[in-house]
């Protein structure tokens, strides 16, 4: 493979994304989000008032200069496919730009869907190889972060790596959920273990482990060779973290890329932001953080915009009811099409077309699109799924036993409410 000159970072930053294709793994079920992902894949879950989770990986690609993207789907893909078709159809075929949807089609192994993350790429190799890319960027479609992939590509080329893994320190008590690595002084990965029961600590900080973020850069030809070999191995689980990365590490061809080098943030002194919103509490907390005075993730950075499907909606409206009570909000995100009538909304996130009727108190709540809240309701520490109709006078988040009986309540006390749960309680969901 022809290597670009290493003494011109600006040239590398322009050329490497053009020579690359990004593959976003977007087929995950997200079972830890409970009923929130029964009817949609985790990357299609709403986030941040107007976005879907996958919008962050897609926006990172566009902002990094990568305009050849494959989205690999599987579980409950309709909502995700519809969102991408509606919101990400602005690419130019004449310029060889595209977002290619790659659903599981059981072409390779007949009876099998994707057997692992690596197999998801393997089953689409006949399509991916036609992209004729020199580099392949593998991404998870279910994380919240801002990253300039061109900087990671530069790091990959300058180190002469065949595979580069983005990494960041995590608390050692949380590291069992990740692939954990050890690196030498040149950032070559010398050991890699997927989800170890006893994660090794970093030599420089015994309270942290160096974790893989599930973001990889490969030399394309090398990746295809590895995947074809892995596909023939009956003992493999066909997973990047469990099989592919450890094998490359043993061969001495894998390098680490510290996430702070490519993390995009407005405040250079802030901690690099990357979240796996895989649990209900993490999802709720990450949404509410955006409504705080100084959120950890800057959504207002015009130099690194997060794109999404834009609906034609009127502005949010706050009105007083007939009794004279004013609609008020504080430290909240309220999206287009919302109407707050004679109620108070505090430290909450309201997605498009939410209607809050009179005498309600909404505190620390996430209300997904088209939620209707009847009069005199009190909602606290909860996530209300799309199009739920909350009946008049309902109280959520104040009585742990009652919440657990009627809805799903996490160990941390976050309550998830869906239309099916409300129907089982006898509440009609049509209005």
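Placement of Cβ uses the backbone N, Cα and C atoms for every residue, glycine included.
According to Swiss-Prot, the beta-D-fructose 1,6-bisphosphate binding site annotation covers 39, 429, 430, 431, on the basis of sequence analysis. Sequence annotations record features per position, and here Swiss-Prot assigns AMP binding site to 40, 46, 52, 130, 386. As annotated by Swiss-Prot, alpha-D-glucose 1-phosphate binding site applies to 114, 179, 194, 195, 212, with the evidence given as sequence analysis.
Known features from Swiss-Prot, placed on the structure.
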residue : record                                        : Cβ neighbours (10 Å)
39      : beta-D-fructose 1,6-bisphosphate binding site : 15
40      : AMP binding site                              : 23
46      : AMP binding site                              : 24
130     : AMP binding site                              : 9
179     : alpha-D-glucose 1-phosphate binding site      : 25
194     : alpha-D-glucose 1-phosphate binding site      : 17
195     : alpha-D-glucose 1-phosphate binding site      : 13
386     : AMP binding site                              : 19
429     : beta-D-fructose 1,6-bisphosphate binding site : 15
430     : beta-D-fructose 1,6-bisphosphate binding site : 6
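Minimal Cβ crowding within 10 Å, among the binding-site residues 52, 431, is found at 431. The Cβ neighbour count for residue 212 (alpha-D-glucose 1-phosphate binding site), using a 10 Å radius and every protein chain shown, is 23. On its own chain, residue 114 (alpha-D-glucose 1-phosphate binding site) has 27, 72, 74, 104, 120, 123 as residues at least 6 apart in sequence with a Cβ closer than 8 Å to its own Cβ. Looking only at Cα atoms, residue 130 (AMP binding site) sits nearest to 212 among the binding-site residues 39, 194, 212. Largest Cα-Cα distance over the residues recorded as binding alpha-D-glucose 1-phosphate, namely 114, 179, 194, 195, 212, equals 22 Å. Comment: beta-D-fructose 1,6-bisphosphate site residues 39, 429, 430, 431; largest CA to CA distance 21 Å, whole number.
The shortest Cα-Cα distance between residue 429 (beta-D-fructose 1,6-bisphosphate binding site) and any of the binding-site residues 52, 179, 194, 195, 212 is the one to 52.
Cα of residue 46 (AMP binding site) to Cα of residue 430 (beta-D-fructose 1,6-bisphosphate binding site): a distance of 21 Å. DSSP classifies residue 130 (AMP binding site) as helix under the three-state reduction. The two recorded residues residue 40 (AMP binding site) and residue 430 (beta-D-fructose 1,6-bisphosphate binding site) have their Cα atoms spaced 21 Å from each other. For residue 194 (alpha-D-glucose 1-phosphate binding site), the nearest neighbour among the binding-site residues 52, 386, 431, judged by Cα separation, is 52.
Across the annotated binding residues for AMP (40, 46, 52, 130, 386), the two most widely spaced Cα atoms sit 39 Å apart.
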